[in-house]
Amino acid sequence: MWPNGTSLGACFRPVNITLQERRAIASPWFAASFCALGLGSNLLALSVLAGARPGAGPRSSFLALLCGLVLTDFLGLLVTGAIVASQHAALLDWRATDPSCRLCYFMGVAMVFFGLCPLLLGAAMASERFVGITRPFSRPTATSRRAWATVGLVWVAAGALGLLPLLGLGRYSVQYPGSWCFLTLGTQRGDVVFGLIFALLGSASVGLSLLLNTVSVATLCRVYHTREATQRPRDCEVEMMVQLVGIMVVATVCWMPLLVFIMQTLLQTPPVMSFSGQLLRATEHQLLIYLRVATWNQILDPWVYILFRRSVLRRLHPRFSSQLQAVSLRRPPAQAMLSGP
């Protein structure tokens, strides 16, 4: 029982941390600046996307998926960042402000949802480009409506997975230094199963993106230097693949350390978590660091699109512009007229 007579929820674990240590780790300025940088970056990307001319076909589908990714990153930073920044600024004791764990459960669901969505959307974008490049004439015409339907399916799938701990599979708990909630790296079967589902699904999404993007880039390079280059405009596809590879690299660098750490911790023998639910301080520090690295994915994603557009690449690398012009000159006259500027 808590001193005011309120019983504590199941999201609390023993976490030994002093107020001075928490002040040193949980800097309100760092949290606020980090959140503001991410929100500003995603708002800038959304404004650029709003002014883009999607046209029709593969580009409209790709831009719709990209818009869904940036929108998801923006909402993720807005929801989770607001909770963490407020906890850091006020140095609140989670047990006093949320003894029933409702806010903790909400944040846990949000962390899983907004963590998996970018990885799943990256895999969906890689699949769309793989089919578009390797089999351009053997699929239905890509449309932005179908792309938004894909975004909706990803949101539903990630949301359903995030709700599993509320249905009894796994647990969400307050994490060191007491300002955020995430899945529990415990020894209970439900914790292990849910944690492995999250880590394996995220890793599989990254692996699928790597495989499909590698094949797509190889196919694009082969077609670029063959007769087929005179039959299909390559400049737009090159731009989309450069952006997609950048998104994949960012996701791999930011998320794989955390996903691998979760799997290693859950499968480690002897278990890292004690019977009382306490983690080793070194493990808590590592989890916090890997989580902060993973959060950079939401900040860097929009900059991949902003910096890797054709207009920017032409300014930074004139040779890229000359290569695109050479490809355009190699198109048949009728196709060049239909393709437009």
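Cβ from N, Cα, C; glycine included.
Small disclaimer: the values here were computed from a predicted structure and weren't measured.
The following features are taken from Swiss-Prot:
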type	residues	note
DISULFID	CYS104-CYS181	disulfide bond
CARBOHYD	ASN4	N-linked glycosylation site
CARBOHYD	ASN16	N-linked glycosylation site
MOD_RES	SER328	phosphoserine
TOPO_DOM	1-29	topological domain 'Extracellular'
TOPO_DOM	53-65	topological domain 'Cytoplasmic'
TOPO_DOM	87-105	topological domain 'Extracellular'
TOPO_DOM	128-147	topological domain 'Cytoplasmic'
TOPO_DOM	171-191	topological domain 'Extracellular'
TOPO_DOM	218-244	topological domain 'Cytoplasmic'
TOPO_DOM	269-287	topological domain 'Extracellular'
TOPO_DOM	310-341	topological domain 'Cytoplasmic'
TRANSMEM	30-52	transmembrane segment
TRANSMEM	66-86	transmembrane segment
TRANSMEM	106-127	transmembrane segment
TRANSMEM	148-170	transmembrane segment
TRANSMEM	192-217	transmembrane segment
TRANSMEM	245-268	transmembrane segment
TRANSMEM	288-309	transmembrane segment
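Proximity of distant same-chain residues to the transmembrane segment (192-217), defined by a Cβ-Cβ separation under 8 Å and at least 6 residues beyond the stretch ends, is recorded for 112, 115-116, 119-120, 122-123, 125-127, 129-130, 133-134, 161, 164-165, 169-171, 183-186, 241, 244-245, 248, 251-252, 255-256, 259-260, 262-263, 266-267.
Simply put, out of 30-52, 66-86, 148-170, 288-309, 148-170 has the most Cβ pairs sitting under 8 Å from the transmembrane segment (106-127).
For the transmembrane segment (288-309), the partner stretch with the highest count of Cβ pairs under 8 angstroms, out of 30-52, 66-86, 148-170, is 30-52. With DSSP states grouped into helix (H, G, I), strand (E, B) and coil, the topological domain 'Extracellular' (269-287) comes out at 7 helix, 0 strand, 12 coil. Beyond its flanks by at least six residues, the transmembrane segment (66-86) meets 28, 31-32, 34-35, 38-39, 42-43, 45-46, 49, 92, 103, 107, 110-111, 113-115, 117-118, 121-122, 125, 147-148, 150-151, 154-155, 179-180, 243, 247, 295, 297-299, 301-302, 305 of its own chain at Cβ-Cβ distances under 8 Å. In the three-state DSSP classification, CYS104 (disulfide bond) falls within a helix.
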